[in-house]
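Here is what Swiss-Prot records for this protein:
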- 1-21: signal peptide (SIGNAL)
- 24-43: disulfide bond (DISULFID)
- 36-61: disulfide bond (DISULFID)
- 65-76: disulfide bond (DISULFID)
- 77-82: disulfide bond (DISULFID)
């Protein structure tokens, strides 16, 4: 029984990412993503303000949420693949 418990603990440690890293989409395609570098704790998505369809023009990792501009609206989030 102790062996089974120890095995489960070892498998859990191996399977979990001990140093949490955020994964963000980094292209317009929603199924492609990258692991963010250390210190980049937010995902962002930029869309054109004046365009009727809210198609993302830029996605990626950020340390701070970028500020909206005259053309782009930024939305930020902090969970995996949330952008």
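Heads up, the Cβ atoms here are built off N, Cα and C, so glycines get one too.
Inclusion criterion for the disulfide-bonded residues 24, 65, 76, 82: a C-alpha placed within 10 angstroms of the C-alpha of residue 36 (disulfide bond); this criterion is met by 24. Note: the CA-CA distance between residue 76 (disulfide bond) and residue 61 (disulfide bond) rounds to 9 Å. Cβ neighbour density within 10 Å is lowest for 61 among the disulfide-bonded residues 43, 61. The Cα atom of residue 77 (disulfide bond) lies nearest to that of 43, taking the disulfide-bonded residues 24, 43, 61, 65 as the candidates.
Taking 61, 65, 82 as the disulfide-bonded residues under consideration, the smallest Cα distance to residue 43 (disulfide bond) is found for 61. Counting other C-beta atoms within 10 Å of each candidate's C-beta, the disulfide-bonded residues 36, 65 are led by 36. Cβ neighbour count within 10 Å across all protein chains ranks 24 highest among the disulfide-bonded residues 24, 76, 82. In the three-state DSSP classification, residue 36 (disulfide bond) falls within coil.
Its own atom aside, the Cβ of residue 77 (disulfide bond) has 15 Cβ atoms within 10 angstroms in the protein chains shown.
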